[in-house]
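Worksheet: one structure, shown below.
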Amino acid sequence: MAPKRQSSLLPQTKKPRLPPAPKLQETSTSQHLPKGEKEQQEAIEHIDEVQNEIDRLNEQASEEIVKVEQKYNKLRQPFFQKRSELIAKIPNFWVTTFVNHPQVSALLGEEDEEALHYLTRVEVTELEDIKSGYRIDFYFDENPYFENKVLSKEFHLNESGDPSSKSTEIKWKSGKDLTKRSSQTQNKASRKRQHEEPESFFTWFTDHSDAGADELGEVIKDDIWPNPLQYYLVPDMDDEEGEGEEDDDDDDEEEELEDIDEEGDEDEGEDEDDDEGEEREEDEGEDD
């Protein structure tokens, strides 16, 4: 599985630092501290100086990491484009990928899956400076649910570091708004667990309540987008379970046959004992 990267939306928070210890020459009382306390005070001052250097290096590292990310983002673009062209040749690639992903499938109702059968392309684009956000684009064929050809959701960090998001307004066709339905049919992915139908996958486009902790956006950007093929190729668990059940049936049949054979052998042994007993009786009768 492709390694997950830390979200570019989450600001890097610094560890809380203690206020600088008062300089010895600035306090009249510190000059009269006992030797042990005076050494602790000096140690705190030196720790603070060292911590300042660590923070300076961390900031410098962050700047260099951003430059490296920008460089390799540009290098990856031609390969992402080539991959999208190849994926377009595989029917239902993206809906299969989403259904096979454990976190995304939990958000999909049956009608969501039907709508996602018209999804032809997914693209994730990180903004130029990497740190300020990203955009996810979903491209759809003509479908019976909505008019849009592209649905997008963007995530941003403003200058103060607060996250926000915005998305395309979905132009639903008459009677097809999946976000307003309250169907209690079973979710295909959780049918065995007898869960009720979840909220529609498409409510994600209207939910901007907590852009800094958007789980679905992070999963698509950091887990699915780097390597969607690994989820498309996940075997169907129902098929695997079915094969397992068939194997169990075969094993049961073999055990039954073995039991029958053993019973047959026991019966044959009993018949032989009876024949031997009869022969002995006949021989004794002739001697008499």
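Heads up, residue numbers simply count up from 1 along the chain you see.
Keep in mind that glycine also has a Cβ here, set from the backbone N, Cα and C atoms.
For 1-11, the entry in TrEMBL reads compositional bias 'Polar residues'. The region 'Disordered' annotation in TrEMBL covers 1-42, 157-206, 234-288. As annotated by TrEMBL, compositional bias 'Basic and acidic residues' applies to 168-180. Annotation comment: TrEMBL describes 236-288 as compositional bias 'Acidic residues'.
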Distant-in-sequence neighbours of the compositional bias 'Basic and acidic residues' (168-180), which means Cβ under 8 A and at least six residues beyond its ends: 109, 111-112, 115, 144-148, 150-153, 199-203, 205-206
Summary of DSSP states over the compositional bias 'Basic and acidic residues' (168-180), given as helix, strand and coil counts: 3 helix, 1 strand, 9 coil
